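Below is one structure, written out as structure tokens; the observations come after it.
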Amino acid sequence: MTAKVKDHPPLWGFGTTKTFKIPIEHLDFKYIENCSDVKQLEKILCVLRSGEEGYYPELTEFCEKRLTGLAPRSRALRKDKPAATASSFSAEEWEKIDSDLKSWVSEIKREENTRHFHDPEKHPGVEDPLPPVRGSNSCPRGGKETSSKSKTAKKRIPRDYAEWDKFDVEKECSKIDEDYKEKTVINNKAHLSKIETKIDTAGLTEKEKNFLANREKGKGNEAFYSGDYEEAVMYYTRSLSALPTATAYNNRAQAEIKLQRWSSALEDCEKALELEPGNIKALLRRATTYKHQNKFLEAVDDLRKVLQAEPDNDLAKKTLSEVERELKNSEPASELQTKGKRMVIEEVENSGDEGGKGDEDDHEDDGVDMAAMGNIQKKLMVRSQGGRRSRRARTPMPGAEQQEGQPETGTASTSDNHDLEERRAADSPGDLKSRGNELFRGGQFAEAAVQYSGAIAQLEPTGSENADELSILYSNRAACYLKEGNCRGCIQDCDRALELQPFAVKPLLRRAMAYETLEQYRSAYVDYITVLKIDCRIQLASDSVNRITRILTELDGPKWRERLPPIPAVPASEPLRVWHPAAETPDQDPCPNSCTPTITDEKMFQALKEEGNQLVKDKNYKDAISKYNECLKINSKACAIYTNRALCYLKLGQFEEAKLDCDKALQIDSKNVKASYRLELAQKGLENCRERVADPSQVVLLSPDSSEAARHLDTKNDTAPPSRERERRRIEIQEVDDSSDEEPERPAEASAVEEGWSAERAGKIEVCKPRNAYEFGQVLSTISARKDEEACAQLLVFTAPQDLPVLLSNKLEGDMLLLIMQSLKSHLVAKDPSLVCKHLLYLSKAERFEMMLALTSKDQKEQMAQLFDDLSDAQADCLTAEDIQALRRQYVL
């Protein structure tokens, strides 16, 4: 038996190491000597070397020797060696190494000198033919030293505290942006002027020329994708100077088309077709140049060739349809041009035909959720501007269907500006809006904003007659500004759109995005919340609210809502008006005169109510009553106003007025919980308990969510005499948020009324048998707070002694222990000493008993000793002196 104990380690070990979890007993000479596991020895050696369990040099050395004997080539035996230096070698070895390095350096220099490309440092007179690396901050080589000197000469002096108080963040940021734009423009121009259009290819092989041409073409592609078409043209020219290819000509033609250099683009397309006849891209781009040069027949020929090769080419089909339409419209114009007469476009006013009507879609912003926003169909009704044009006015001029700003050919080219002004004057707001929508969809936001501005300028004098149309135009122009990054212009247009059409969703969303871009998160939060009030299904607004909530919590802390601007109240009819518009009839007025006062009264009512609620929160009850009085003048059937005013009367002690308001509220809504509860408080304040209309039990039955009524019901039951046979029925009360139409209830709203009867509530505690540990803990905590020894003794009588450790759980405190001992001594020792003995026995088995016993003072232990003395004096058949003495030892007395 003893041998087995020696072979096996004891049950209680000394733990393990942090690394490898090796038992501490294995870090021993005897174990290492007998161990033949190489992996185990390597782990032990690693732990010993780390020193996490202490430093034992002799044990470490012994482990190394043991591991050397078992595995001489083990990795654990390897030791780190520092990098070799000159002192690590002999003089001969170091001289040989040094000579080898020098010979290698000289050989590399000779190899560089034999290369074809010259070294600019050795030949300063010869310029480097290769362009510099592309970048916004590239500058001449000669200016590097001067710039570095100027930078080192400047010293930045830190600002003092008084200057920081006057620091305007937005102004400084705008200055930085302006400086950055100016520097960027200057650097780009300087960079373009330094790029040479030709590459010296003398002496290069075809492979090297191909490599240089592809490299320059790649640079041109990068410049083209970034929108720098001038730079792209230069790099494509450099590529063509190295090796002419059809691809480079095609690419340069596309860049020239972007720059509207039609003749240069046409030449490049023809050269590409000379190198590769039938090239699809060259034919397409030559057709584009023909189209803009009004050579429609040539464009049709090229496009038909493309469609013969690729019948499914969508771009060719679309361009061909446009060219055919232009060709068809230009036929009468060509006849008129032969006569040499100019047709003046005039607009006929006061015509019976409303030719200016146009059904256009309000374009969508990319940031708006498509499913939630949708295209809102609006009819742009142009009054006194649209009319029937004469047949002469309907006859289009040459190139009338072209894009704005394109030059026209033929006899009309002598006065292009005059024609452009006439054409713009003839365009109706509907045409301008539709053209702006097309430009917006094509990504030309600045041009779209110009079109919307023209439509706004025509409709602005009409004022409120076209408020809806103006609101849409302002909203569209705001979307263009938002895309361009002009957030302040976007905010101004959205404000104007909301003045014309309050609570429109799109202006609110776009203004919120602009505020968020400017980091004005509080204003953005208010706009997003307003959008969600109108339509809670908009996912973009919901996600943005969650994101901005996290940002405001980090910035302002948990009280960030107090710093928000006031959130406007959305009328109940507003969502229906915005999202479900009725069928529009041009003959009817958009809003009759009779509806204006109703909307005004509703807004005024809501504003007065919110002001009153805010005054209640600020405890300014008299001013709140005046606000509620004004609300009742507008709407005398608002039940919430009566209950709110009753609350103010209760706070001011005017119980009679509060009772009258509650009666009126109950006449409107007989099941109103707050009115019933506040009527109860008013009647109790009047000491008229016999004439109560509603008691708290009825309130709880009406609304189980009313926490205050349930709490008052518990107080009432506590003060009532307890019934002997019937056990009380318990009601679960869960506290939830109140409705949004009234200000939230506060637990202290009846504090002024409850002061009068606080003495009645301080009666004896009714104790019943607890069902679980939670109820036992609640009752015992209440008894301990009141120091009620009689109630504690009654609770111990109801409690079985063997259940006491479970019911106490880990909630035993020092004052509870002393109260239990005192209640046993005062009320139970003389009546039932055996029950006291059992309670003392099981009390010693409760959690935290030993800790509480160690924390008791000397006086408290003397009181406990008196309990045991009384228990010894009591005569009980089941108690002996040995039992009481054993209990004394458990209580350390």
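Cβ atoms are placed via backbone N, Cα and C, with glycine included.
For 112-126 (among others), the entry in Swiss-Prot reads compositional bias 'Basic and acidic residues'.
Taken from Swiss-Prot, the feature repeat 'TPR 1' applies to 213-246.
The average pLDDT the prediction assigns to the repeat 'TPR 2' (247-279) is 91. Taken from Swiss-Prot, the feature repeat 'TPR 2' applies to 247-279.
Marked as repeat 'TPR 3' by Swiss-Prot: 280-313.
Swiss-Prot lists SER351 (among others) with the feature phosphoserine, giving a large-scale study or a structure entry as the kind of evidence.
Residues or ranges marked as compositional bias 'Polar residues' by Swiss-Prot: 403-415.
If you look up Swiss-Prot, you'll see 416-437 (among others) marked as compositional bias 'Basic and acidic residues'.
Here the repeat 'TPR 4' (429-463) is broken down by DSSP into helix, strand and coil counts: 32 helix, 0 strand, 3 coil. Look at Swiss-Prot and you will find 429-463 tagged as repeat 'TPR 4'.
As annotated by Swiss-Prot, repeat 'TPR 5' applies to 471-504.
Annotation comment: Swiss-Prot describes 506-538 as repeat 'TPR 6'.
Secondary structure by DSSP for the repeat 'TPR 7' (605-638): 27 helix, 0 strand, 7 coil. As annotated by Swiss-Prot, repeat 'TPR 7' applies to 605-638.
Feature annotation from Swiss-Prot assigns repeat 'TPR 8' to 639-672.
Annotated phosphoserine per Swiss-Prot: SER703 (among others), in sequence order, evidence recorded as a large-scale study or a structure entry.
According to Swiss-Prot, the feature compositional bias 'Basic and acidic residues' maps to 708-733 (among others).
According to Swiss-Prot, the feature phosphoserine maps to SER739 (among others).
What Swiss-Prot lists as phosphoserine is SER740 (among others).
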For the repeat 'TPR 3' (280-313), residues assigned helix / strand / coil by DSSP: 27 helix, 0 strand, 7 coil
